[in-house]
Amino acid sequence: MFGRGKSSLSKPKKVHSLENLKYLHSVLQKNRAVNEQNYGILVEALRLIAEILIWGDQNDSSVMDFFLEKNILEYFLQYMKQDLSRRICVQLLQTLNILFENITNQTAIYYLLSNNHTNAIITHRFDFTDEEVMAYYISFLKILSFRLNVNTISFFYIESRREFNLYVEAIKLFAHPEGMVRIAVRTITLNVHKVKDEAALEFIHHQTSLIYFSHLVWSIGNTILDIDCHKCQTKLKDLVAEHIDHLHYIDDLLSLGIEGLNEVLCDQLLRRLFIPLHIYSLLKQYKSDATTNLGTVRRPRLSYSVTVFTLIHVYLFLRDTRLICLLTEAILIGDLTLPGLIIPCNIPCSNSQIVFNDPTTQDCSVSFQRNLNYEETDDTAPDDDPAMIIAKTLIAATVSLRASDQAAPGQRLTTYLIHSVTSKNPLIFSQPSESLEHGLTQAKGVTPTLMSVLWPPNVAPLKLVEKNTETHVQSSISSNPCEKRSSDLSPGGSQIQSPNSCKDSYASIEKSQLKLKIHHLIHQSFLNKTIKRSMLTYQIYLAVFFLRSLFRSLEIGSGSDQDAIFSILLLFAIKSNKGVDLATLKLAQLNGPDIKNEPSYNYTLVTKLIELIGDACKAESRIRLITVRMAIRLLTDLVYSVNCGCQLSDQHFAEIINAREEAMLVLRSYFEKSGRLHQSYCIVASLTGVFDC
């Protein structure tokens, strides 16, 4: 059948037949070693075997029976491990892709996945510098992930050895330079999570989630930094598209409702990205270096426009209630305990004079040492091994987010920070200390036994099942250490408990709860009517420095309106996101009118918006039409509703009328200039239609 001197198979009389498969099997038997003379024949043989198997799957079941009986897949593995295997590997991966994508016989699928052959191929060290090999390999992993279900996942997750090669090898490639590879990795991880296998999810939570999510967050942050410094428009579009893809991926992960994984992901996003990179960058004078117990740490700062631009994307694409509420509180309400932001100062006595240091204009490089949270604990003692540190970090993420769930609106962020942030675990955007592969190796020591020993007794067990996304999840840990519900306790004495091993962990949790109680009492004392009015004013003034930074961007003056339009769009996005609860918006007075004939809007914001509209109505204004239109829309949402009507105060209403009159004067003076006429007409029409009430 083979022509002399040729390196390929001759076409048989009937290519798609059992006889031809038997012949190809004999060819493989005679050519177990790959060399220069036979590698072409073997490549062609592998290609034909795939065609015959697909044909047999639809027409002749004996073809697959023969393939299984002769264990032909074993030959594939032998060829893959040999030196002259580059073309063999490419054809082998292509053959496997065709088989797993097209075969419908479940018995055949189970065989192909059995005997650990597939896992051996997954873990084989291919030459990934070869783009073709990489393309077929990642495609192979993706096709396998589409075959995952409750019956087949046991072929990939070997519970007895705690190995999940498909998932682990995929996430190692999450930051590959090729976009196709990165997209495939996201698809693979989502397909694995969707199966909702309890044992597999436990492995993912314990041994991969913290390592993978920390590197994922670092990659997202670097993409944002690249957006901030790039000038090339084409490259900029690609970077923005990549950032949006990241956010879609994050939303897909959170939308699966796997609570244990969501807790780790939300914690990493808040502590390592949103607060230290996005929120801190809202402040104009924010230094890029910080001194912590870990030494001097670089704190990158984004330009204001990029900061708000990326935050807009966050509110447009992320819908997780827990994450969005905490992020919104950081922006709209703030927190006096955020480290590294506020100028250190003592709370003044009743007879003391208050000196307001504005963090939005002052040097904010001095670290705010919070006694309630910055006490030295044993949580990250230097003698802890990496697995212990990883396990404690996972537990801290669960405890802090569950505690924030139970806190009242306006106190969620404070509660989260008290349980989450320590002097050795600050809010800083920084590169993970270990590479992804090394981190995964270290995380192998995070076993269910270790987690059960460290797990606090007053915290409900880890949840890896779908949660109710319609209602806000109630926390299983009380902010008051004296309040313990029976549902929050670990079941009986069934868990493995070691008093000596758990002593430090339990003490740490009790300290955190005591800190929260003390902080809560301090917070209430500010609200007590017996406290001097100056004290309350002082607290409110400092707490909302991020929101005031947004307000300050609405002061355009002689500059560009770029920051103003982004700030207005961000406020729109916050109000429009369904994850933001009404109670949080009410605390910042951004909820819109709800009590008839009683103005309840944010006075400062409305004043800034009216001033911006007034500036836009002046001759030679630098404010674009889109900016003033969005300002009018936001103003309308804040002060007008069909049920309550217009709730503008008399002063603000008079200012709106004055702006309209000035716009009409400009309209008359520029009547002959069509361009200016159109803009002025649009402004006047907007003002007339909304506020002529």
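Positions of Cβ are set from backbone N, Cα and C atoms, glycine also.
Automated prediction, rather than curation, is the source of TrEMBL annotations.
Here TrEMBL flags 46-192 as domain 'FPL'.
Among the features that TrEMBL reports, domain 'CLEC16A/TT9 C-terminal' is placed at 233-337 (among others).
Among the features that TrEMBL reports, region 'Disordered' is placed at 473-503.
Taken from TrEMBL, the feature compositional bias 'Polar residues' applies to 488-503.
Here TrEMBL flags 546-673 (among others) as domain 'CLEC16A/TT9 C-terminal'. Sorting the domain 'CLEC16A/TT9 C-terminal' (546-673) by DSSP state (H, G, I as helix; E, B as strand; all else coil) yields 77 helix, 4 strand, 47 coil.
Helix, strand and coil counts under DSSP for the domain 'FPL' (46-192) come to 103 helix, 4 strand, 40 coil. As a summary of secondary structure, the domain 'CLEC16A/TT9 C-terminal' (233-337) carries 73 helix, 9 strand, 23 coil according to DSSP.
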